[in-house]
Structures are given as structure tokens and as C-alpha cells.
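K.L.:
Mind looking over this structure? Questions follow.
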Amino acid sequence: MYLPGRKQLFCLLWTIILLSHWVHGQHCIWYGECGNSTKIPEKKLNCNYTGPPIPLPDQEGQDLLKDLCPGLVYGDNRVCCDTQQLKTLKNNIQIPLQFLSRCPACFFNFMTLFCELTCSPRQSDFINSTDFSAFNKSTTNVDNVPIGGMTPMNNETFNCTQSLDDGSGPCSCQDCSAACGPTPVTSSQFRSSLNVVLISSYFLGDATCCETLGERFENCLRVLFSSWGSMCVRHPLTVILTSVVLVSICSAGLTYMRITTSPVELWSSPSSRARQEKDYFDQHFGPFFRTEQLIITTPVNASFIFSPTSGGPDIHFSSILNITLLHQVLDLQTEITNLTAEYKGETVTLKDICLSPLAPYNDNCTILSVLNYYQNSHEILDRKIADEFLVYFDYHTHFMYCVSSPTALDDTSPMHEACMGTFGGPVFPWLALGGYEGTAYNNATALVITFPVNNYLNDTEKLGKALAWEKVFIDFVKNYDNPNLTISFSAERSIEDEIDRESNSDVTTIVISYVIMFVYISLALGHINSFRTVLVDSKISLGIAGILIVLSSVACSLGIFSYIGIPLTLIVIEVIPFLVLAVGVDNIFIIVQTYQRDERMPEEELHQQIGRILGEVAPSMFLSSFSETVAFFLGALSSMPAVRTFSLFAGLAVFIDFLLQISCFVSLLGLDIKRQEANRPDILCCVKLSEGQQVKSEGCLFRFFKKIYAPFILKDWVAVFVGMLSFSIAVVNKVEIGLDQKLSMPDDSYMLDYFGNLSEYLHTGAPVYFVVEDGHDYKTIEGQNAVCGGVGCNNNSLVQQIYTISNVPSSWLDDYFDWVKPQSSCCRYYNYTGAFCNASVVDKTCLHCRPMTTTGKQRPNGTEFMHFLPWFLSDIPNIKCGKGGHAAYSSAVDLIENNTDVGATYFMSYHSILKTSSDFIDALKMARELTDNITQAIGVFYVFYEQYLTIIYDTAFNLGMSLVAIFVVSTVLLGFELWSAVLVSFTIAMILVNMFGVMWLWDISLNAVSLVNLVMCCGISVEFCSHIVRAFSVSTKSSRVDRAEEALAHMGSSVFSGITLTKFGGILILALSKSQIFQIFYFRMYLSIVLLGAAHGLIFLPVLLSYAGKRQYLF
């Protein structure tokens, strides 16, 4: 028997293998459609067929194949599908077409897959039919074809950075990160450093012309104030009544007083960029919606593992996604939606005020909640597809599908539930979930429920309804109790409500603080010579009168500016009384204590003595008060409303206080001295006591300063202050900028929990709107390319420029292009009427808006662009067309000139999560850096945080102008003694720099509140320094040390008792405040101002004068 050789056997075997593959590769597994699925009736099932590919029988089928699957067009077009299957394929790809067509490579790869599955003549290479059902006789007798070896489908695919053979360009940066160009390098930020310039000059030799002029000016002031003081004592009633009348007229302006409580008005200048951009947005699109939000966690440890029956790894679900807890959260959500409020006799529900993007077609409120994946229904939440053994589909599978496809109108499971919310829009998982890593939404530890509410600018009735419902919402959630749920929440009105509550709660603390200062002033002003004359020597009534004068000056300032129409702020009300009391009380102590230490000269009458005393001290008072007034008024040049308003009111109040003190108070002092000399007791001045010998003695405090403190302190203390200054300079740039919003809340506020959870759980920050102002031409290709983010758009277009934002902006222009494509089923019209025909309408008279072309990818021309755009903006998304723009963009595009042109438009996205003030500031900087060349970025928080972009400049400008003003005024009023003015200004500058050191050590951030306090620090520091420097300048002692001792003994004791002790007691009470903002920005800063001012004015400055003070010239 002949046996073939090995070669012949090998060739025969190889031929059989090739033949097997050839036979296998040339047959189909299906052909045609034979009926509908029993499980999904609307789904078509193909006929089982194992014969060879068949040529398409008609021209319609060949056209569809060329349009859908050009890669299968070859020869006589033998394929494994008929014309009806191609029609079904075309219908099924409408939704993917709308979302993928902007990236040609992605859509090509997608279509290649389904074309090969549906029609490929090589189906049997990669598809194996394992089961089929007989629908008719044509399929029951088909023989099984032997199945050869399977080979994977290995068609050509394109990377998203590649162009297609038909000329389509690569995907855009928006859809393909690999197609993005290099990230632009941000310009290096300019960091200004603090330069301390010390003017050191020493005047030697004989008296100069300026010094002679200064002496004459000093004499003029002395004569002027002496004459004025004498007149006030001689005509007390006239002066007092005139003062009362003028104060009453000015204070009457308080009837026109308006208090600004709006945070926008308080922190944002009307001329600022953020304010103008916000006003533009409000004018064209309406104000930002109001937000009511809950963050829900659970103390229950009920996490579990879900094992999909369809295969795949087990999935861990966190406790908050337990179905029992979801039902409880849904109950809470339903109760909130059913809340009602009363407003002017009307019942207000959530539907009356909520955001309903599809109204009037769909009036459901927008609720951004995971429960909206289940249509806010307990029944849908419990729904499942199962048999007696396994659960195939339930809320787990629906959740996993929706978090990956939140815009889906069908989850493609046998349940056929939608992911879109009941309000007609998507609920993105990063808005409804929190506390997860990456995209593991199933591990979320918090549920976030947000109720957007319409906001109103000029409609107080509608705004009142919203406020009324929000109050009911707050009360309800406060009282809601469920041991399985931990809830933090916020309403739009919450911050203002809590600030108001905080202000009211601090009234008692503030009153106690001022009462302590008032009692001290009334008691400390008197100089008791002996126990027998305590009632006579007491000056309680004079102290009370002095306090009333201080308060009157504040009332006059408020009244005058109220006449003008300038509104007050809470900062003005809280800070200015403290400031004016410091300045006013200091002057009161100087006048009274100078008289108490003075001896009346022979033949000198009382009015002459008081006139002489006023001539001595009034120039010093005028120096400090006028310096502060000019410094504050220059501070009003600031663009920050809070600083500007404070500076105006403070400057006027300080100057009015000075005028009342050298007139009304001097007259009252004269009357009080006459009472004392007549031996009448204080307050009960109608009673006359027996005559006794009046003996004047030096007060304990004055003797302490003169005998002990002044000689002791004039040692080498400068080194300590140089060390403090060096340290403060080193840390001045480390002071944090911003204001933590937690600090503005009371210690027991529910908002503190909300702010904490906001930072801990949320993964998305505040919304941001990129606004293109009207005037941009969208009808031209160039205008479109400058904005859009799809194929053919500029690499530096608006959408393409966004690199560091949480989500790519929703682009109405790109979605409009997808909606209006000839291949899309979205844009249709009735043939007979020309009206828009929605994609869900089944009507043969509805025609496509634009004819089919070779590619079907070109954009509409100018006329078509404006003709179809209103239809797009009114189209409601549905299962046939998910690109309808009514829900997402109806308010984003401002159509003008009877819908013939596009006005202002916006593109919305979200910032990444923002936790600290620096995060908010950086987000604002980046948004502006990205959009400066093409548009403007507008965010909810921009008007509040814009101030921090220039806070360093504003601080340097305000404090610098204050120091310049103090230097100029001091130079003039110190008799043109330039060097003395330099010492005053230098010491005040040291105090300010050391304040920054304290701010860094004590965690006090730099913001408008602290800047107001720093400006006030300038004013109070003048009181600590100028009086002592002037007393040093006019002293007739020979040496600098003796003159410094005399100035410190006489003026230092008055400054210590007038400012330091008065303020110290009142400030300590502020530490008991429940308000964190009071504890930090008032207690800590006020205490630092007083301690640093006293240390520099009563320790450093005298030592500095003893070494480097102006030499004394005798004329």
C-alpha cells in the first residue's frame, strides 16, 4: 500500500485548514429581520441564516450602506444584512450620533464596530450563534454549518488625534485630551516686598528760617486757642446751647439713615470689574439662582458587596447607598418638596419658586439628587427583574448605569428606566454624591440634595415668597430627627440670617464693654485731694458729659452722611464709636489733668487760666485730630466700599469731636470748676457744703510717671523694639489673605457643620459662567471657530482654553451643531406648514431641516444658523433626540432683533472643589487669566473675593496715604519741625508693621475688616505718639533726656489713663463674645493696637527722643 510522504500529508492538511477558514469566512450568521423580542417588544430580532453573503437588492439599501458603512462597499456589495436591517441600524444610532459625531475618529470606530456586527460578510469569523428560536418555516429547516476556528475582528481603528480618510480632522481638545496643545505657561506673579525707608537727617547749627516760622506759627495757635478757651468759659450757656442746636440738626439726619446689609454692596464696589460683569449677567440672563442644599451622611455601618449576575467583579457599596436609607432620604426629600409657607396671606409651595427648566411643558422642580435616578419614586427604587433564584436588575444596576450615563433616557436593561431627572435634565453624580475617590461613586459616603430656586432682582413680591419658603425649610430641617441620618444644610438666606443673629447676640457684650469704659472715665477723671472732699472733687457729671460729646460727634457724622445719602455699614456702627471714644477720651483727660496740675497765677481769673491751658494743649489736640481726619479722608479714596465708608464717617466724627471738645466741653469744664470752687458736690450741685481749704496735690499716676517710670524707662530698650520690628518684617508676607466664612458665624450656628461637610465631602465647586458679550458674529465660520470646541474649531477657542476647570463647559454651540446635522433626527419640520416637528413625532410629512450630503458634517450657513436656532432652544430632549436645547440652554442664549441675531451668551461649568480663601482667590485669578482675551468669567463668589486680588495694593495705599497725611500735618502743626514729624511717622509705621507680626502669630487674616482696623490703628497710634512728641518739642528743659522725662511724665500719664486704661477694660470684655469674628478681628486686633501703641508711645518713643530728638533752640 502506498503511503504518502510527510510533505504530501502536510500540504493536504494545510489545504484543509485553509478551506475550512475560507468556507467559514464566507457565510453569515443572520440575514433579515424576523420579528420582535418577547422581552423587549420594540427591539427587532434578526433571522438565523448560515448561507453566503447576499448582494443588496435595491438602490435604497446600497445608499444606506454607503452612508453608514462605507468600509463594506465593495464590488456587488455582498453583505449579511438587508435594507430593513440597515434602516434599523440608522434609527438606533441617532442618539450616539448626537453625542459622538463631534469627534470623527470616535464615531468612525463606533460605526465600524456596529457595521461589522450587523453586515460584515465575515460575520462567522468573530460571531458565533449559540441559540436561536424558530419564527417561521424558513428558519426551522436550516442545517447547521460546521463552526471552524474563531478569529477576532481586527478592523482598522483611528486614534482621536488622527484625521480620517474622508478629510475629517482629528478630535478637538475638548473631546480628546491627547489632541490638546501644551498648557500655556502662566506669567509669573509679581510679588511686592515691603521696603522700609528711614529718613535720617540731623539738623545742627543755629535756628533756621523754617524753625523761626514754626515758632511764630506755634505762638499764633497758642494765642488763638487761648482766646477761644477764655471766650467759651465766659459765655458757657451760649456755647453749650449753640452746640446742642448744631448737634441736633446734624443728628436729625439719622431719620434718613440706611444700613447696608447686602454682602454684595458691602464688599464690592459698583465700579469694580466683578460687579460690572455681574450686573451685565443679571441684565441679560437674570440673577444667579438661589440654592437650598442638604449634605446627608449616616452613622450606620451598613456597607455591603453587590455581585452582578451578568459577571464582572464584586462592587462595594457604601452605607449611605443602602436601599433602606435611600427610602428614608426619599421620604425626607418628599417632605421638603411638600413644605408650604405663608406670605401676605398666600400659600407658597416649592413649585411656586423653584427652577423648572422645561416649564410650561413640564413643571417639575429641579432637584439634584440621586433619588431622581429613580424618578423620586419608592416603587421604581424597589423595582427589580428577577426569578426564583437570582436578581438580574435592580436599583444597584440602575445606579451604576446612571452614574456613568446621567443623560440616558433608557438604562438599556429590561427595566427600561430613565436616568434623566423628572425635571427633564441630567443629575451629574459629582453634584449629587460626595466623599468618594476618583469616579468610584458607589463608595460615596454622602448624598447631596440641591433645590435651585429662582432669584429676583427687582420683584420684591416674588423674592419675599422665596424668603418665606426658605425660612420654613430652615425650621423644618433644624427640627428633623432621624437617628440613621446626619444632616447639614444651608439655604440662600442662611448666611445673612446667622450674621444678623450673631450681631444681636453680641449687643449685650458690646454694651457691657462700653459701660465699663464709661464708668472708668467718670471715676478716673476726678482728682480726689482728700476723703472729706470726695463728693466735691468727683467729676462724674463732667465725665458723662464728655462721653455724651463723643457720642454726639458720632451721631453728627452719621446724620450728615445720611443727609447726603451715603448708607451705613455694620463696620461703621461697630468700629467708629470705639475709635472716637479713644481719641475723645484722650483729649478729655489731657485737658482736665493739665488743669488739675496747673496753679492759677496771681491776678488771673478762671477764664484766663483755662484759656491759657487750652492754648498749651489744644495745638497738640489739633495735631492729633487733624492728622487723623486727613488720614481717614485720604483712606476714602479706596475702592473697597467697607473701607471707603468707614474712612468717611471716621474722619468727620473725629473732627467734630475735636470741635465739640474745644468749645462745649471747655464751657462745661469751666462750670464744673466753678461748682468745685463753690464747694458744691458733684451731680447734687444745688447743695452747698461748708467751706474748706482746697489743697491741690499731684495724682498718684502722675507721681508714678514722674518719679519712677520716666527715669527708669529711659534706658536701652530700643533693642527689644528693633527685634520686634525685624521679626514683623520677616513675617509680613506670610499673613494669610481672605476671610474664612466660618468666622462670620456664631459658635452654635448650624452653618458651621455645613461648611465643614462642604469641604470634606463635595467634589465640585461653585458654578462659573463664561459670558460672550453681544456683538460676536456666530453666523460666520470664523466667529464659530473662536468659540466652539468641536472639530474644526480653533485650538485657542473659548471652550478649548479651559484647562484647569472641574468640568468642560456645556457648549450650546457644539450641541446645536450636533442637533442640526443632516444625519440627525432632531431637526425636522412639517412639510406643509414649515413649523418645527419634534423628533418624537411620528409623521411622514416631517422632513429633515437640511438635505443629506456626502459627509453630512458641514455646519449650517448664516441664514440656516439663525433660522433653526430658535427651534433648537425650544426643543425638549426626548428618547429620539437628547440634544434638544430648551432645558440646558434656553436661558443661555439671548436672541435679539426678533430672533435674527445672537446677543450675549454664556457657557456654564463648575470650578473644582474650593475649600479655603486662597482656593477661591486662585480660582478667580485662573478664570480671568483663561478668559481675558475672548470673554468674561462670572462666578457667584467673584464679587466677594475680587477684593483680595488687590488687597495688598489697597493695604499699602491706605496705610501709605495715612502715614503721608500724618507726616505732612505733623510737620506743619509741630512748627515745621521736619525731624519731629519723621519720628512720629516712623513710630506709627513701626506699630503698623508690628501689627502684621501679631496678625501672623494670632491667625488674623488680611481682609476688609482687618484693613479697617489697621486704618483705625493709624489714628489711635497718633494719639499715643503725637502728644508726647509735641510735649518734647515745647519743653524748655536743656537736655534731651530731661525733656523726654518731662514729656513722658505730663503727657504720658494722660495718654496712659486716657487711652490705655480706658480701652483695656472694655476690650477684655470682647473676649467673652460668642462671635468668632468679634473675638478675632475686634478683641485680638483691638488689644494688639492698644498694647503696641502703649509700648511704642510710652516706652520706645521716649527712649528714641532721648537719643535722637530735636535739639532745643532758645529764642
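Placed from the backbone N, Cα and C atoms, the Cβ positions cover glycine too.
Grabbed the feature section from TrEMBL, which reads as follows:
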type     : residues  : note
SIGNAL   : 1-25      : signal peptide
DOMAIN   : 506-671   : domain 'SSD'
TRANSMEM : 507-528   : transmembrane segment
TRANSMEM : 540-564   : transmembrane segment
TRANSMEM : 570-592   : transmembrane segment
TRANSMEM : 613-634   : transmembrane segment
TRANSMEM : 646-671   : transmembrane segment
TRANSMEM : 956-976   : transmembrane segment
TRANSMEM : 983-1002  : transmembrane segment
TRANSMEM : 1008-1026 : transmembrane segment
TRANSMEM : 1047-1073 : transmembrane segment
TRANSMEM : 1085-1108 : transmembrane segment
K.L.:
What same-chain residues lie close to the transmembrane segment (1008-1026): Cβ under 8 Å, and 6 or more beyond its ends?
P.N.:
267, 571, 575, 578-579, 582-583, 586, 620, 623-624, 627-628, 631-632, 635, 640, 642-643, 646-647, 650, 654, 739, 947, 951, 954-955, 958-959, 962-963, 966, 970, 984, 987-988, 991-992, 995, 999, 1055, 1059, 1077, 1081-1082, 1085-1086, 1089-1090, 1093-1094, 1096-1098, 1101
K.L.:
Counting a contact as 3 or more Cβ pairs under 8 Å, with residues at least 6 apart in sequence, do the transmembrane segment (570-592) and the transmembrane segment (507-528) touch?
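P.N.:
Between the transmembrane segment (507-528) and the transmembrane segment (570-592), which are separate recorded stretches, there is contact, as judged by 3 or more close Cβ pairs.
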K.L.:
Assess whether the transmembrane segment (983-1002) lies in contact with the transmembrane segment (1085-1108), where contact requires at least three Cβ pairs under 8 Å among residues 6 or more apart in sequence.
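P.N.:
Yes, the stretches contact each other.
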K.L.:
Establish whether the number of Cβ pairs under 8 Å between the transmembrane segment (956-976) and the transmembrane segment (1085-1108) reaches at least three, counting only pairs separated by 6 or more residues.
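P.N.:
Judged by the Cβ rule, the two regions do not touch, with the required three close pairs absent.
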K.L.:
Quick check for me: are there 3+ Cβ pairs below 8 Å between the transmembrane segment (540-564) and the transmembrane segment (1047-1073), leaving out pairs under 6 residues apart?
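P.N.:
Stretch pair does not touch.
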K.L.:
Three or more CB pairs closer than 8 Å, sequence separation of 6 or more: does that hold for the transmembrane segment (507-528) against the transmembrane segment (1047-1073)?
P.N.:
yes
K.L.:
Residue list, the transmembrane segment (613-634) vs rest of chain: Cβ under 8 Å, 6 or more residues beyond ends.
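P.N.:
For the transmembrane segment (613-634), the far contacts come to 218, 221-226, 228-229, 583, 586-587, 590-591, 594-595, 598, 647-648, 650-652, 654-655, 657-658, 661-662, 666, 958, 961-966, 968-970, 973-974, 1015, 1018-1019, 1022-1023, 1026-1027, 1030-1031, 1051.
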K.L.:
Check the domain 'SSD' (506-671) for me and report the mean pLDDT.
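P.N.:
The average pLDDT of the model in the domain 'SSD' (506-671) works out to 85.
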